[in-house]
Amino acid sequence: MSPPCHTSALLLVFMALAVARAEQSEERSCDVIGDESSESQMERALLKKLEPLSHMRFNVTVEKGKTENYIYHFRVCREVNSSSHDFAGLVQTDRESRKTTVIGRINETQVFNGSDWIMLIYKGGDSYGRHCSGEKRRAVIMISCKRGVTASSFSIISEEREKEQECFYLFEMDSSVACPAENSHLSVGSILLITFVSLIAVYITGGFLYQRLVVGAKGMEQIPHFAFWQDLGNLVADGCDLVCRSKPRNAPAAYRGVGDDQLGEESEERDDHLLPM
């Protein structure tokens, strides 16, 4: 093989290895049961809503005497062990024997919701042995609304395996992703007030910039329509003076202690003695 061909072959091998590693490193996500064309917009929206929890891992330990001592590992729409490529979204591990059992797989997912909860169901788990007619296991995770908490309180509620069919493991957890969107509580009056204040702010700022930069005004003249507001202020002041004043503006001052009645009539001849004879 010539050197150019040898180099091309090595490049192709390296590219194939890189693509394989990229596919292995990319984590798989939930696949709703059925064809892609049959997935509803609601299911897609709910899976999108659960995305903030996908990077988290949840574990819970259950001890029931000496016969049942398990650890449950759970991830939201991701594989618990991505290197195994078994689509396991919820796995049970026996603490004594270290045996693992897949409770549910993310490639057989169902999801629906209510006003303040989301229910995530993983089907296609490992088959039961002596229980439930040997059907495949199924995990039901109830995610309840709790504002201010990304995720907490993951626990197992029960395992229903005494039936002939439709057995399941029931888990629950709290998360804010299950909460409905909060509606605005602003009243009509508040909205109008905010709008009015915003318009006033735009008017003052824009007018100030116009007067300063375009007209070249200085000082108080930079206030938009300064003469109008000055006249309006004077009119308001006059109105207040007219309405609120308790006595006439030009009333003569009254002086106590000295009245006309206290002044006697002066004699017409009071200055006669000053005239020359």
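Every residue, even glycine, has its Cβ placed from backbone N, Cα and C.
In TrEMBL, the region 'Disordered' annotation falls on 255-277 of the listed ranges 94-116, 255-277. Long-range contacts of the transmembrane segment (186-210) within the same chain, counting only residues at least 6 positions beyond its ends with a Cβ under 8 Å from a Cβ of the stretch, are 222-225.
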